[in-house]
Amino acid sequence: GTPLSKTGRTPSRFPGSRRTIPSSTPGGPKLREEKILVTIRVRPLSPKEQAAYDLIAWDFPDEQTIVSKNLNHERHTGPYSFDNVFEPTCSTSKVYEQGARDVALSALNGINATIFAYGQTSSGKTFTMRGITESAVNDIYEHIKFTTERDFVLKFSAFKNI
């Protein structure tokens, strides 16, 4: 996984951080609530890392918290809380079900939704997003199949910054 010091974001110590922001509407100013969910997935060690006896640099006291193991005896930098924290042994289907499914399906109710992966090279972004995208598309089409009283227009975009 990406060390938190490299992400450029101070993690929330309060899961499901919400903020209210002003919004202009035809009827005048209005406040709307915006919710940003932050999910962390720590990838397993690669065979090369295992052969070098590398260690995972994080402990996982619960499903919302990570703590640096401080392997290099640097200044302690934790604990950090997020909406979801997935250990290296976690399946992509669990990451989708618990960390992305509700966001993906909220688009069917007219709510703008974005799911993106951020991290250093070889941290598992493409691997994770392929699985999440496949599951989201399956769920969306399944929902459409059983919602015959509505018409849907789907727009999907994706890119990989290399």
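Using N, Cα and C of the backbone, Cβ positions are placed for all residues, glycine too.
For reference, TrEMBL has these:
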COMPBIAS  1-10  compositional bias 'Polar residues'
REGION    1-30  region 'Disordered'
DOMAIN    35-162  domain 'Kinesin motor'
BINDING   GLY119, GLN120, THR121, SER122, SER123, GLY124, LYS125, THR126  ATP binding site
Practice item. Would you mind splitting the domain 'Kinesin motor' (35-162) into helix, strand and coil residue counts from DSSP? Key: 43 helix, 18 strand, 67 coil
Practice item. Fewest other Cβ atoms within 10 Å: which of the binding-site residues GLN120, THR121, SER122, SER123 wins that one? Let me know. Key: THR121
Exercise for review: Please average pLDDT over the domain 'Kinesin motor' (35-162) for the predicted structure.
Suggested key: 89
Point to revise | Under 8 Å by Cβ from LYS125 (ATP binding site), counting only residues of that chain that are 6 or more apart | key: ALA117, TYR118, GLY119
